[in-house]
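Visitor: Pasting the feature list from TrEMBL:
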- 14, 25, 202, 223, 224: 3-amino-2-oxopropyl phosphate binding site (BINDING)
- 16, 17, 52, 57, 107: 1-deoxy-D-xylulose 5-phosphate binding site (BINDING)
- 50: active site, proton acceptor (ACT_SITE)
- 77: active site, proton acceptor (ACT_SITE)
- 158: site 'Transition state stabilizer' (SITE)
- 201: active site, proton donor (ACT_SITE)
Ligand SMILES: CC(=O)[C@@H](O)[C@H](O)COP(=O)(O)O
Ligand SMILES: NCC(=O)COP(=O)(O)O
């Protein structure tokens, strides 16, 4: 149950890094699909998985199994390539979130340049939407990127919270607040364009509250921190704690009016 007064805030659990641990030995344990089941039982509203071109963690088989074995929406993160488009059209996940990818990156370093890549992206957005897949663009908190997403016909934008989280981790209070203001303004602007607003990347127990109270944000996608916490407290406990922090933030915000 999310905060009273504010809309329901969904939690999408990204299970990429369960696959990172599995792939370290090349076996089948730990199983990302088993993790997805545990996350759903613990309160996840959906599962996010990033099928990278280099398959460094989530594999094609993981996506195939998640597509049929999990009874919650699957949010497939993908690069805008013909290979990934074919896979998405084949499995028809609830949503496809188009993210930028560079092989040499350790993790996603920035948002998709929807404005600069408008012509390249149009075919992907049209073909995915054309068969009923909700298309999300993982973008920076910038109005021009929101304008591009709306003009492309994407239904959803996911605002990159990585810089906010990095500033928080570095103890840069003023910088963190400036970035959070940027995210707040971008969320309100995106909603005014009729876009559904999600947020994610790098969120932790410490940073989730600042984003959870943004009224236009209806979904948070959180993965790496939760899988890390799961090593110490178990995945069920980590997801439940994140869920309760999200809900408590919304209740606090609603009670303050
Ligand atoms: C787009 C994003 O921020 C993440 O969902 C993405 O999955 C990060 O890539 P890794 O999971 O490979 O770190
Ligand atoms: N799109 C963000 C996501 O799915 C999870 O990002 P992270 O929590 O693993 O950094």
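Glycine is treated like the rest: Cβ placed from N, Cα and C.
Keep in mind that this is a model prediction, so the values were computed, not measured.
Map these features onto the structure and tell me what's around them.
Guide: Under the DSSP three-state reduction, residue 25 (3-amino-2-oxopropyl phosphate binding site) is assigned to helix.
Every protein chain shown contributes to the tally, and the Cβ of residue 57 (1-deoxy-D-xylulose 5-phosphate binding site) ends up with 21 other Cβ atoms within 10 Å.
In the three-state DSSP scheme, residue 50 (active site, proton acceptor) is classed as strand. Counting only residues at least six positions away in the same chain, the Cβ atoms of 14, 16, 57, 58, 77, 78, 99 sit under 8 Å from the Cβ of residue 50 (active site, proton acceptor).
In the three-state DSSP scheme, residue 77 (active site, proton acceptor) is classed as strand. Of all Cβ atoms in the protein chains displayed, 27 besides its own lie within 10 Å of the Cβ of residue 77 (active site, proton acceptor).
Using a 10 Å radius centred on the Cβ of residue 158 (site 'Transition state stabilizer') and all shown protein chains, the other Cβ atoms total 32.
Under a cutoff of 8 A between CB atoms, and with a sequence separation of 6+ in the same chain, the neighbours of residue 201 (active site, proton donor) are 108, 138, 160, 161, 162, 165, 221. In the three-state DSSP reading, residue 201 (active site, proton donor) counts as coil.
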Visitor: Does anything in the same chain, at least 6 positions from residue 52 (1-deoxy-D-xylulose 5-phosphate binding site), have a Cβ under 8 Å from its Cβ, and if so what?
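Guide: Non-local contacts for residue 52 (1-deoxy-D-xylulose 5-phosphate binding site): 58, 79, 101.
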Visitor: Spatial neighbours of residue 17 (1-deoxy-D-xylulose 5-phosphate binding site) among the recorded positions 25, 158, 223, 224, defined as Cα within 10 A: which are they?
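Guide: The recorded positions close to residue 17 (1-deoxy-D-xylulose 5-phosphate binding site) (Cα within 10 Å), listed in sequence order, are 223, 224.
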Visitor: Relative to the Cβ position of residue 223 (3-amino-2-oxopropyl phosphate binding site), how many further Cβ atoms are located within 10 Å?
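Guide: Excluding its own Cβ, the number within 10 Å is 25.
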